[in-house]
Amino acid sequence: NLLQFEKMIKKMTGKEPVVSYAFYGCYCGSGGQGKPKDATDRCCFVHDCCYGKVTGCDPKMDVYSFSEENGDIVCGGDDPCKKEICECDRAAAICFRDNLNTYNDKKYWAFGAKNCPQEESEAC
């Protein structure tokens, strides 16, 4: 669920997830449209696409099982749907970490939908 995703982001990036990512670019946070503005925004785009492929459970609400081992996140549990949600969140948290060098909150925080034209939207 979203609280678990926040824990993963904090673990991987050291950043406060809501402050740093909930209103970033065109895709981080609720919804999304337009063209991703940078690598971090693309992480969110891919995460949205990943959630879109999950069927049979609720990515934002269902609780899954994960652990931290040697600085990595390991998804566990027996429910394949919840494990899929976990893997979506894990991949996004790692993507955020791997793109910290280009994260630009001065440019893309609270970017707003008006700067993300619907006609520029990409398919998953």
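Glycine residues also receive a Cβ, built from the backbone N, Cα and C atoms like all the rest.
Sequence-distant contacts (6 or more apart, same chain, Cβ under 8 Å) of Cys116 (disulfide bond) comprise Gly25, Cys26, Gly32, Gln33, Gly34, Lys35, Lys37. What Swiss-Prot records for Cys26-Cys116 (among others) is disulfide bond, and it gives similarity to another entry as the kind of evidence.
For Tyr27, Gly29, Gly31, Asp48, the entry in Swiss-Prot reads Ca(2+) binding site. Sequence-distant contacts of Gly29 (Ca(2+) binding site), defined by Cβ-Cβ distance under 8 angstroms and a gap of at least six in the same chain, are Tyr21, Ala22, Phe23, Cys44.
Marked as disulfide bond by Swiss-Prot: Cys28-Cys44 (among others). Around Cys44 (disulfide bond), a 10 Å sphere centred on its CB holds 23 further CB atoms from the protein chains shown.
Annotation source Swiss-Prot lists disulfide bond at Cys43-Cys95 (among others). In the structure as shown, the Cβ atom of Cys95 (disulfide bond) sits within 10 Å of 17 other Cβ atoms. Secondary structure at Cys95 (disulfide bond), as computed by DSSP, is helix.
For His47 (active site), the Cβ neighbour count at a 10 Å cut-off comes to 22, with all displayed protein chains included. Sequence annotations record features per position, and here Swiss-Prot assigns active site to His47 (among others).
Non-local neighbourhood of Cys49 (disulfide bond): Cys124, each in the same chain, at least six residues away, with C-beta under 8 Å from its C-beta. The DSSP secondary structure for Cys49 (disulfide bond) is helix. Residues or ranges marked as disulfide bond in Swiss-Prot: Cys49-Cys124 (among others).
As annotated by Swiss-Prot, disulfide bond applies to Cys50-Cys88 (among others).
Residues near Cys81 (disulfide bond) in space but far in sequence (CB under 8 A, at least 6 apart, same chain), listed by position: Val54, Thr55, Gly56, Cys57, Asp62. Residues or ranges marked as disulfide bond by Swiss-Prot on the basis of similarity to another entry: Cys57-Cys81 (among others).
Here the Cβ of Cys75 (disulfide bond) has 18 other Cβ atoms within 10 Å, regardless of which shown protein chain they belong to. Look at Swiss-Prot and you will find Cys75-Cys86 (among others) tagged as disulfide bond.
As annotated by Swiss-Prot, active site applies to Asp89 (among others). For Asp89 (active site), the same-chain residues that are 6 or more apart in sequence and have a Cβ closer than 8 Å to its Cβ are Gln4, Phe5, Met8, His47.
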Where does Cys75 (disulfide bond) sit in DSSP terms: helix, strand, or coil?
strand
With a radius of 8 angstroms around the mean position of the C-beta atoms of Tyr27, Gly29, Gly31, Asp48, what other residues of the same chain does the Ca(2+) site pick up?
Cys26, Cys28, Ser30, Gly32, Cys44, Phe45
Measuring Cα to Cα, tell me the gap between Cys50 (disulfide bond) and Cys43 (disulfide bond) in whole angstrom.
10
Just checking: which of Cys43, Asp48, Cys75, Cys88 have a Cα that is within 10 Å of the Cα of Cys28 (disulfide bond), counting only these recorded positions?
Cys43, Asp48
Taking the Cα atoms as reference points, how far is Cys75 (disulfide bond) from Asp48 (Ca(2+) binding site) in Å?
19
